[in-house]
């Protein structure tokens with residue numbers, strides 16, 4: 001019986017690329033499109049939230065979120081994501097990938113809408129409800145990581161598996177770009193409909209009452225693509241690999257689990273490799289993404305806040321993020337899709353970490369040169385290259401490898417653990433960079449002096465270098481079947497003997 005069922009796996013590995021493969025990429029990819037939109041759109045509106053709810057009368061500068069509030073608003077969804085990755089990763093192995101796949105999408109849609117409907121008019125009421133719903137939004141997003149990666153790896157043939165999983169993850173780039181485009185369109189519409197002077201001209205008039213709708217619309221808009229794919233996600237069948245190896249218990253003698261000595265012997269070092277590299281990557285990747293608006297302001301690419309009205313500032317931030325996404329982020333993802341099954345996972349990850357280190361140092365060493373007038377464009381180009389090599393590098397491969405190298409009954413769990421380690425790094429990046437990047441002599445109001453952006457960039461270069469070192473532990477999985485990589489083929493031979 002087991003032999004007949006396992007013949008299905010060989011058929012899957014040798015199958016030609018068909019229409020259902022592309023459908024799976026779109027269905028799983030739209031989840032990641034929404035994930036990226038929801039996680040990163042907060043960076044578009046956090047300065048607006050500061051203006052609306054924390055502007056002090058007669059202050060020479062518009063209000064900004066206090067340190068603890070800014071940390072919570074930027075980081076709470078990441079905390080939810082970490083918890084969701086662990087929970088849904090485990091549940092995906094226990095109940096099946098399909099069984100919980102639709103629930104994560106429902107949670108994302110409901111909490112995304114609720115984020116924009118945050119209750120109350122006081123700062124405490126609005127921020128508290130916003131953080132509550134963004135935590136549970138993150139919880140749903142967390143489930144998408146292990147489930148989407150595992151489903152795609154188990155649907156794909158071994159020849160193009162890397163490209164298929166990378167294509168799912170590459171939708172994250174379009175989600176980031178879509179968020180910036182929505183921010184541009186919404187802010188441009190409100191800017192033209194409700195003109196206002198700059199803050200330094202008339203502080204009170206610079207913030208029109210209608211600006212409160214801007215951040216709510218932007219946060220809620222990400223529900224639309226997710227809701228449109230719900231029907232198709234529910235129509236997806238359970239993966240044949242899960243059915244053959246787990247649901248039908250094709251190999252009854254193979255019962256060792258995550259905490260067994262056999263797992264530690266076979267995959268313990270692999271789990272160390274996938275967790276540490278993802279952790280180190282996300283320290284840099286999320287601090288860059290969530291706080292690029294602050295970096296661009298400090299190097300002068302975005303004008304000083306007091307020279308703009310509230311809605312104009314959203315427009316400028318969205319435009320900057322759209323350019324970075326279009327020129328650096330998205331091309332990097334699709335270079336990975338094109339080359340991962342040619343070059344291999346290991347080489348791309350090692351090269352990506354190395355180039356991120358180089359470009360971070362290229363920003364940090366001559367930092368004072370980049371901040372002087374006339375050199376801002378050069379800084380942005382260099383900054384864009386760090387995003388390019390993050391995505392044509394470890395940001396893609398850390399997502400792909402854990403979906404390939406672990407056995408089927410623990411694949412979703414181990415991917416969830418690896419992804420959760422990444423989000424722990426993202427939390428370190430989100431909270432740490434916020435405080436560390438403060439100027440040593442003139443920190444922003446409410447903050448203590450930090451090490452400054454230049455030294456923070458040196459720290460990020462160091463984390464990228466450590467990621468390159470830990471990549472040496474990552475196995476290559478190009479061109480191999482999932483059962484061969486995870487050594488389940490060995491178990492099959494032992495069971496048949």
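Each residue, glycine too, has its Cβ placed from N, Cα and C.
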Annotated stretch (transmembrane segment, per TrEMBL) among the listed ranges 303-321, 322-340: 322-340
Beyond the flanks of the transmembrane segment (20-49) by at least 6 residues, Cβ under 8 Å: 64-65, 70, 73-74, 77-78, 81, 104-105, 108, 112, 126-127, 134, 137-138, 141, 144-145, 148, 151-152, 155-156, 160, 164, 167-176, 178-180, 182-183, 211, 214-215, 218-219, 221-223, 225-226, 228-229, 232-233, 236, 289-293, 305, 310-311, 313-314, 317-318, 321
Predicted model, mean pLDDT over the domain 'Major facilitator superfamily (MFS) profile' (24-479): 89
Leading stretch by Cβ pairs under 8 Å, where the reference is the transmembrane segment (69-88) and the options are 213-232, 322-340, 379-403, 415-436, 456-474: 415-436
Cβ contacts the transmembrane segment (100-119)/the transmembrane segment (415-436), at least three under 8 Å, sequence gap 6 or more: no
The transmembrane segment (213-232) in contact with the transmembrane segment (163-190), cutoff 8 A, at least 3 CB pairs, sep 6+: yes
Spatial neighbours of the transmembrane segment (456-474) far in sequence, C-beta under 8 Å, 6+ residues away: 269-270, 272-274, 276-277, 280-281, 283-284, 287-288, 345-346, 349-350, 353-354, 356-357, 360-361, 363-364, 367, 394, 397, 401, 433, 436-437, 450
